[in-house]
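Q: Copied straight from TrEMBL:
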{"type": "TRANSMEM", "residues": "46-71", "note": "transmembrane segment"}
{"type": "TRANSMEM", "residues": "91-112", "note": "transmembrane segment"}
{"type": "TRANSMEM", "residues": "124-141", "note": "transmembrane segment"}
{"type": "TRANSMEM", "residues": "150-170", "note": "transmembrane segment"}
{"type": "TRANSMEM", "residues": "182-203", "note": "transmembrane segment"}
{"type": "TRANSMEM", "residues": "215-239", "note": "transmembrane segment"}
{"type": "TRANSMEM", "residues": "268-289", "note": "transmembrane segment"}
{"type": "TRANSMEM", "residues": "301-320", "note": "transmembrane segment"}
{"type": "TRANSMEM", "residues": "326-347", "note": "transmembrane segment"}
Amino acid sequence: MAWTRYQVILASTLVITGSINTLSTKWADTLKSESSDGQIRPFEHPFVQACAMFLGEFLCLLTFKAVYYHLRRKNDGAEDRHDLVKGNREFSPFILLIPAILDMVATSIMYVGLNLTYASSFQMLRGSVIIFVGILSVAFLNRTLVSREWIGILFILIGLGVVGVSDFAADNGEGTSYSRNNVITGDLLIILAQIITAVQMVYEERYVAGLDIPALQAVGWEGFFGFSILGLLLIPMYFIQVMPPFNNNARGVLEDLPDALVQMKNNFQLIMAILGTIVSIAFFNFAGISVTKEISATTRMVLDSVRTLVIWVISLALSWQKFNYLQIFGFAGLLFGMCLYNNILILQTYDRVRNAYLQRRENNDGQSEVIINRRADEPDC
């Protein structure tokens, strides 16, 4: 069935804003600015960046309220028909508290990992979430994985291994931020974050999916909880001393919010990067939930793979990393595994090719001429 115009807009928004979100976050990581101690340092404030992400999600709630009350003033039931606000609005927001906490922890860990590794590896390694979702679904949702799904998980594991090897072999010697140990540490943190994300997805499928909550409202409440909790946690983080490579700020602590604000003040590009994170994540989360609701979750997986390719190409174009052919094989393994796991394209293509071959062979057999041997002087009839 062909997509509607609204579905095409949602899919395009998902790819574009998702790519901008990762790239703008990584752009901030590559920028340097004068810190509160007067030294020029790279901007390494992953928890501040995570707060910015949740602030962007919270903006979705404000948008939802504005659209809802505008439509309700018409007194014609438009609020129950409009794609942005229709659905179940009578629910306790606290049902989203646990997913928000899980998202907060996973996002913070991922942003720490992104500080230490490449943007393309960050995006590719996020594909490992399928492995953990599959295992947790068997354990807590009583789901049975068929052989196709297990084979898909196997290919994802192979792809992840190849990506890890490519990062291990890509020590470019350009400083501690991209040293081999830091890159591998970043990769492992990203995979750890996917375990937490998988727990979030399984929880949402069991307790939230059937509530038909409007996408903007769900994203907004998760952003509100995430921003509030993480914002408060920045206070004790300011006093927690940590070891390298996690202490590259003015005070050598887990997170230094005043230092982050000083660096942003001294470099307007950092402000642009943070704003890019806030705006893009708002549209990306809305588009992601809407694609799942309007099209399918498998389509969202495919579009996420397209986003990975876009990020990898742009990272190479900006010289944020060097080309490594192993990443092509790693990405191919991840993509093949994800498509096989979600029953997208692979088996369907095989069936079409096989059926076309059998049909052609059948037609050739039917058109073959029958050869009859007879003497030269024997009449034709």
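Placement of Cβ uses the backbone N, Cα and C atoms for every residue, glycine included.
Set these features in their place in the structure for me.
A: Remote same-chain partners of the transmembrane segment (46-71), defined as residues 6 or more beyond its termini with a Cβ less than 8 Å from a stretch Cβ, comprise 21, 25, 28, 78-79, 82, 84-85, 89, 104, 107-108, 111-112, 114-115, 214, 216-217, 219-224, 226-227, 230-231, 233-234, 237, 254-255, 257, 260, 274, 277-282, 285-286.
Here the transmembrane segment (124-141) has long-range neighbours at 110, 149, 152-153, 156-157, 159-160, 163, 187, 190-191, 194-195, 197-199, 201-202, 205-206, 301, 304-305, 308, 312, 327, 330-331, 334, 337-338, 341, meaning same-chain residues at least 6 beyond its ends whose C-beta is under 8 angstroms from one of its own.
For the transmembrane segment (150-170), same-chain residues at least 6 beyond its ends with a Cβ under 8 Å from one of its own Cβ atoms are 117-118, 121, 124-125, 127-128, 130-131, 134, 180, 183-184, 187, 191, 321-322, 324, 326-327, 329-342.
Residues 98-99, 102-103, 105-107, 109-110, 112-118, 121-122, 125-126, 128-129, 131-133, 135-137, 140-141, 160, 163-164, 167-168, 170-171, 176, 245 of the same chain, all 6+ positions outside the transmembrane segment (182-203), place their C-beta atoms under 8 angstroms from a C-beta of that stretch.
Here the transmembrane segment (268-289) has long-range neighbours at 10-11, 13-14, 17-18, 20-21, 24-25, 27-28, 31, 33, 43, 49, 52-53, 55-57, 59-60, 63, 215-216, 218-219, 223, 300, meaning same-chain residues at least 6 beyond its ends whose C-beta is under 8 angstroms from one of its own.
Outside the transmembrane segment (301-320), and at least 6 residues removed from its termini, the chain residues within Cβ reach (under 8 Å) are 11, 14-15, 18-19, 22-23, 26, 30, 118-120, 123-124, 126-127, 130, 291, 327, 331, 334-335, 338-339, 342, 344.
Outside the transmembrane segment (326-347) by six or more residues, the chain places 120-121, 124, 127, 130, 134, 148-149, 151-163, 165-166, 169, 297-298, 301-302, 305, 308-309, 312 with a CB less than 8 A from a CB of the stretch.
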Q: Please report, as numbers and ranges, the same-chain residues at least 6 past the borders of the transmembrane segment (215-239) whose CB is under 8 Å from any CB of it.
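A: Beyond its ends, the transmembrane segment (215-239) has Cβ neighbours at 47-48, 50-51, 53-64, 67, 84-85, 87, 89, 93, 96-97, 99-101, 103-104, 107-108, 208, 251, 253-258, 282, 285-286, 289-290, 293.
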